[in-house]
Amino acid sequence: MELSDANLQTPTEYLKKTLDPDPAIRRPAEKFLESVEGNQNYPLLLLTLLEKSQDNVIKVCASVTFKNYIKRNWRIVEDEPNKICEADRVAIKANIVHLMLSSPEQIQKQLSDAISIIGREDFPQKWPDLLTEMVNRFQSGDFHVINGVLRTAHSLFKRYRHEFKSNELWTETKLVLDAFALPLTNLFKATIELCSTHANDASALRILFSSLILISKLFYSLNFQDLPEFFEDNMETWMNNFHTLLTLDNKLLQTDDEEEAGLLELLKSQICDNAALYAQKYDEEFQRYLPRFVTAIWNLLVTTGQEVKYDLLVSNAIQFLASVCERPHYKNLFEDQNTLTSICEKVIVPNMEFRAADEEAFEDNSEEYIRRDLEGSDIDTRRRAACDLVRGLCKFFEGPVTGIFSGYVNSMLQEYAKNPSVNWKHKDAAIYLVTSLASKAQTQKHGITQANELVNLTEFFVNHILPDLKSANVNEFPVLKADGIKYIMIFRNQVPKEHLLVSIPLLINHLQAESIVVHTYAAHALERLFTMRGPNNATLFTAAEIAPFVEILLTNLFKALTLPGSSENEYIMKAIMRSFSLLQEAIIPYIPTLITQLTQKLLAVSKNPSKPHFNHYMSEAICLSIRITCKANPAAVVNFEEALFLVFTEILQNDVQEFIPYVFQVMSLLLETHKNDIPSSYMALFPHLLQPVLWERTGNIPALVRLLQAFLERGSNTIASAAADKIPGLLGVFQKLIASKANDHQGFYLLNSIIEHMPPESVDQYRKQIFILLFQRLQNSKTTKFIKSFLVFINLYCIKYGALALQEIFDGIQPKMFGMVLEKIIIPEIQKVSGNVEKKICAVGITKLLTECPPMMDTEYTKLWTPLLQSLIGLFELPEDDTIPDEEHFIDIEDTPGYQTAFSQLAFAGKKEHDPVGQMVNNPKIHLAQSLHKLSTACPGRVPSMVSTSLNAEALQYLQGYLQAASVTLL
């Protein structure tokens, strides 16, 4: 792909088409661009378009496409081809900073993101001059350029907030601080001075305050891991200026917009974050500045309005107070009763009120409301911050705080009782205040795990929550209904079971509520209750206890999916899945109707998949339907195949990537349900499963391997007779998988199934080549994971084909190789094998080598007999060796490249653990004793002599125990 005008024209046309709303035009254009992105110069063509195109829409589109291209392809994944040639990488890094800084802001942001993606992989080792190039631009005096540098630096350095400490991180941050801290501080001071100079110039102030926000964010990132010496030495400069900015009020920077935070609010919010960071992590060094910041932030809180634009500022300011009041040596600032009352009255209660903006979100933007309220993304809301402050104050002042707030709760409930339809917000605030007060520790999985004992949660539930939920009208006071349901969710471990049981039909009833929030909360509450565990770790609620409600529960759950705004509601689908799981055979009478509804839903959502969690829970529900029904009646599998195969065919033909791994897992489950041979409908699919294109997607691999294993388990004879020409393709898949460090274990799963199930004569001609491939991989890239899998495989091979066959195949590849494998791999590494079935396979295989392999008794291999026995006793008795060499620690932790669909394991499609030696050997220790006894009868005197002279005392003692347990002796 040359950088010619003609070549620029083609991507321009296709980029235009990617913006077309018509999928018939848009998708082919997207596919075309994906198909050419592997060509050399492709990324440079996009950058050239950015520079030369006259059409601004094309420029923006090219910048987004370039960023996504970098996101998908820049990372070099081990065992995979480099997707961007080295020349293009060098050219991109040479040009991108200049291009980013000279572009308009909209494009600058995209290129800045691209730089940070490249930087995450290449900086500092492969891009050492990036920092110098950026710092030099500070001298330009052009704040468009300076802000571009700051924005890029922010996206590059913000990962320091989340990284674990390591030598590599320390080296990188030191390099960054040495190059960046002083120029950043000088820029900070210069920008503050310019703000004074241009105090009456609104447009100049807007640019300067944008810079100050980015500088403050960078301060946070650079100080997050440790307090750098430079910033400790310059704390006076930073903190004095931060304090000045916190108390600054410039009319020119105030906005009329009530929703969107202005620059002044954003800057003050970030400064509150910075002060909280220092108060929490560097309190000793920060101590002398703290009282000034507490005063400034308190004044800020009592003078800031209730408008939405101040939400982030107020929540960060409250979070600052929350972080301070939790520290033991600041508690004197809060211990006065008047101070606590004042905080409650002026900060906490006002910020717990349900505002008009919250009501609007509840009604019109329910998805976002639920995300914030249920999923904990409410980190920057006033209510969440106020709740955290209550918890912080309760750490040292639980009694006084509970007393003060109880008074507020009672007066709010009295106000509500006077006129519920007008004063319902008072009750909402009261419930929230009780929740904040009572919640000491909380997790998503278990709700409240530690509660304030001064609050009677059950009494509040009976008096103030149940009456709202018992009301006949599920659509009345929707916010209070949602509050009540959430109360059940949060305090499900504190409210007694009998009260929760009373709640279940009420929650089922609220699945019919028109409010998306209410019926979503009802579904979520039911799902959480159904997962609760009792004292014996069984589910707290039994199927028998829920039996009276089965029909109405299933009816209302599926009806809820038809309510406006909830057609792909993940909480409802998760509740369906959980109900199936809890109720088991009680759902069988309803399955014919429900599987039709699930199939129709699957067909609809597969046209345009947009809700991954919904899709996952739906697939789980389908698996549960199959499992539960076919457990009672295996012949019913045919009905499921009739219902599902048409939709599956459409998904596979349309290459719906999001659903293909699910389809393969469900098909595996269906196929495994067949007890006899493989139906012809499956065999027709078999050749297609071996197509290389399917195996190129990482997300498909585990599901495809599982499906091929099901084919091998159920139909190995059919494959050997009717599809023998496909065996090389099957082994080709194994060869591809074994070459990858990320997927080699999947290759072994497949190989083990081939060895275990295929008729020996069908794979005879390929056996030697299989071993050669494995040895090549061992030679080129030996990892702990590979060795463990290799050990299981050779022992399974030994069990299947015999110990002599294993010795002969090794020595057939290279003379004396069998001895090398024993000495260098089996004996020293067997301790690393994990998993009960895997250990059992290895134990039975090694027992065969010891007792059924003549060369082990009368050749040069005899010297390895006792060390091999010693290693087997070690496998039985010693702890597993789970040490991993340093260089391998991150070998399996690979991000899924780019936008490929990651594999999502379906729990209810799960394969039962298969034990290939289960029928042959029950107890491998007894089996070893019996096999040694048998060997000793064939060669009297030799085995006791070898054992007593070479086995260490501890191992010998264990062995004598096995012999006694088996009631045998060595002759």
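Even glycines carry a Cβ here, placed using N, Cα and C.
Residues or ranges marked as N-acetylmethionine in Swiss-Prot (evidence: similarity to another entry): Met1. The annotation domain 'Importin N-terminal' is assigned in Swiss-Prot to 29-102. Per Swiss-Prot, the feature phosphoserine maps to Ser112, Ser931. According to Swiss-Prot, the feature N6-acetyllysine maps to Lys574, Lys824, an assignment based on similarity to another entry.
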Rounded inter-Cα distance in Å - Lys824 (N6-acetyllysine), Ser931 (phosphoserine):
25
Same-chain residues at least 6 positions away from Ser931 (phosphoserine) with a Cβ under 8 Å from its Cβ, in sequence order, are Thr847, Lys848, Leu850, Thr851, Glu852
How big is the Cα-to-Cα gap, in Å, between Ser112 (phosphoserine) and Lys574 (N6-acetyllysine)?
39
List the helix, strand and coil residue totals of the domain 'Importin N-terminal' (29-102) as derived from DSSP.
53 helix, 0 strand, 21 coil
Return the count of C-beta atoms lying within 10 angstroms of the C-beta of Lys824 (N6-acetyllysine), excluding that atom itself.
11
When you measure from the Cβ of Lys574 (N6-acetyllysine), which residues in the chain that are at least 6 apart have a Cβ under 8 Å away?
Ala523, His524, Glu527, His613, Tyr617
Report the mean pLDDT of the predicted model across the domain 'Importin N-terminal' (29-102), rounded to a whole number.
90
Once the DSSP letters are reduced so that anything not helix or strand counts as coil, what is Ser931 (phosphoserine)?
helix
When you measure from the Cβ of Ser112 (phosphoserine), how many other Cβ atoms are you left with inside 10 Å?
26
